[in-house]
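> The structure follows.
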């Protein structure tokens, strides 16, 4: 053993020096960034990416061609008054997507326009039906007589039409009804499915045009939208042509490129573990660059995977050339998901060792008195270190464990070198295997047209087979022998504490052994996930050895893709997309919910009344209120267009853009409204300035120079399109308005100078200030409507936190139910089929975890937006709400680790440990579930918590452990008094392979409970706490009087 310690120490010194160099380099890189590194990541990353430059070039050419299309007089006259719409569409839907996804977006836009056209045409037909034909005929005859003999009677007649001489109150009322119904429909589509934002916006644009101009004409004018549709169709054709001709990319290719990028980041995440295991204690702080690098790398992987899956449904809709079909590529998603989900365990390990409580064990005070107060411990780390809620029982147990770890040299810093050496080969093989998979996919993807593509792919497949063999061997070696190295530092300790159950010795401090097993179990599950992915890639690559043309699987897939939509939470973050998945457990939980005010309806009258009650409740929902506001605002801003005294002014000054901008800038919540209002105003200002610069740069004070305008647009479109293409989601409102305002100024300026346009105001500055004013009036109108009364986004954040906490509770209960299932409690499902094992439920569990992760990510965005609501009633505690989101993220990772560990644990062994597993103690499980429920209910209702609830759940865990240890039948009457079911002591099986996963499950529950404690503290800070005077002193006195027995430890 002495030789082993010397070897370990020497390895630790050599590896530690190397790791110190790497960590110093990491810190140096952070300290001395390059110029590009000083820019936001979404700017610097895309400036460095050749693929991004190719995408940008294609979009830039599309926008420039759309503008050039307006320059010749002949094409300008053909396109008409809305000829700039081709350029506007090129900014809103750039040609940045593969062909099928571009087709989907354009189709969504065109379908919305056609539905809006349908609403408008129906309004026009109904308006003609109610129009007083006698009055209309008399007005027309009087007008014809008045303009007879004039030099340009057509112009005068057109001018009189837009002055409203044919307006009819009944007709206007009909149009108002159709406008309200149509805008309400598009508002509901946008509120319940944010993916339909483009559908909603363009649908309302066409409806607005027809309803604004239709009442002015005494006859049917169904083709008013010809110019709009021709311009939009022109850009659709331009986009399709450029996507095919300029750096063409299929969905198949894009998917594999993104997959390769994910694999590269996965490899870096695995390689980072060497630095984590070799780090100095100062580098393991939760805010250190190393830990932040691990957390950030994992976040990048998850975000990339979510973007990848968002487009996978379109892959089978295309023709593609290559070795793999669309079906093959889509089938890669499942094994890749298995690997991505298991990387959460690596992040979990980094969080465990960087946690303040865990780090406190590495700085023990051997002379510390066992009966020192809990506040003494809290003061050693400060109030921010998470130990301020430690009870006397917890402090007592941790103090014993801290001293024992130091005396036996089994602190985390002592055992980390052993963990590093034991897992070195497995980590290296896993990293190399990920690289091998990436090489195969890159070869298949990048050598589709290469003569040597087949030979290169065969070579990469052979290397993949070799890597898979090495990974299998490394995994087998770890399972059989190298995992035992993790126990070696604890062998003397286990020998010295064999009699702890009888009170002959203190319990062994196995905390660091459990944490070591966590990392070992994490690497095993990750390696098995990588092996699963390698098997799929190897099998598919061996089957697909030649390039060929792949056709779409089924035309029905197109309609399925168009019809499919993700569910959105009722409190989604405004216009931001929030992917979500069905939550089966939540549906089951809803089934148990009863109405406390009435029993279910039993007759027709009660059912009808119940329907009315539900409709009434729905009208008070944020979505319904948004739709009602949307329709009312649309009608209010539409009225000047159908009032005789203002109709001419409204048309000449393009008041239609006031209506369009007001509709576009409305949001469900006040915080969304204010946030987007700020962004859109900023985007409009920049767009106006850039538009004016572009016009005068290319045309000076003239009415328009073809070559100068083309050159100026080619130059100034670069920042506009870069911002639109690569800006993060939260900046898209500014990107849309910047591009739209820029296009409106250039489009109106050019068309006013080159084709006959009614209400021509000139070009340049005269257009700039008018278009800017219309945009600002629209934004101001929507802002006022949202403030009467505002629907608080902050309240939505609080309620959303309550919902996600409840969802986490459901996930915990589902896992616990599977954990305690011994095969006799739930032998069959309700359908009579055998109850599935936990391993059988892993795919469903994994999908649910990703769904919850998406909800939490949406909540994070909504929390950041809510700060824009202002501090009218006092400062909003944003830091606390951010803390809620961060804590829930950590708890979800702990649940992932727990589920992964239980899936690997043999069912018989799991059942045999049940009675010796404190974390499934029925009383403790009840405490955890009730804590979830109480916290969620406090956030949902805003009611304060009770001070008696201010307890550390770890204290409850150990309390139940103490009660279990002192009242167990096995202690009172001997082990033979119990049945064999669930009575095996896990600590007697430390050398078994299964114990490693058992330890991981226990640690995961500890981490989950730490997160729940933090949620409780933050909720008490937000909602308040009702005191029970004298309770703290009495609890402290009681705990000191009833100290834990010496045979109870922190883990066992």
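Just so it is clear, glycine is given a Cβ too, placed from its N, Cα and C backbone atoms.
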> Per TrEMBL, which of 538-568, 569-599, 600-630 is region 'Disordered'?
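Checked against TrEMBL: region 'Disordered' maps to 569-599.
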> Can you tell me how the residues of the domain 'Integral membrane bound transporter' (652-784) break down into helix, strand and coil by DSSP?
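Helix/strand/coil tally for the domain 'Integral membrane bound transporter' (652-784): 107 helix, 0 strand, 26 coil.
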> Across the domain 'DUF2421' (790-1025), what is the average pLDDT of the model, as a whole number?
77
> Ranking 103-123, 198-217, 513-538, 624-643, 734-751 by Cβ pairs under 8 Å to the transmembrane segment (677-698), which is first?
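Comparing 103-123, 198-217, 513-538, 624-643, 734-751 against the transmembrane segment (677-698), the winner is 734-751.
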> Cβ under 8 Å to the transmembrane segment (771-788), counting only same-chain residues 6 or more beyond its ends: which ones?
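Long-range Cβ neighbours of the transmembrane segment (771-788): 629, 632-633, 636-637, 653-655, 657-667, 670, 673-674, 677, 680-681, 684-685, 688, 737, 741, 744-745, 748.
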> With a Cβ cut-off under 8 Å, give me the same-chain residues at least six positions beyond the ends of the transmembrane segment (224-247) that come close to it.
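Same-chain contacts beyond the ends: 54-55, 57-58, 61-62, 65-66, 69, 78-87, 89-90, 93, 95, 97-99, 102-103, 106, 109-110, 113, 117, 120, 205-206, 209-210, 213-214.
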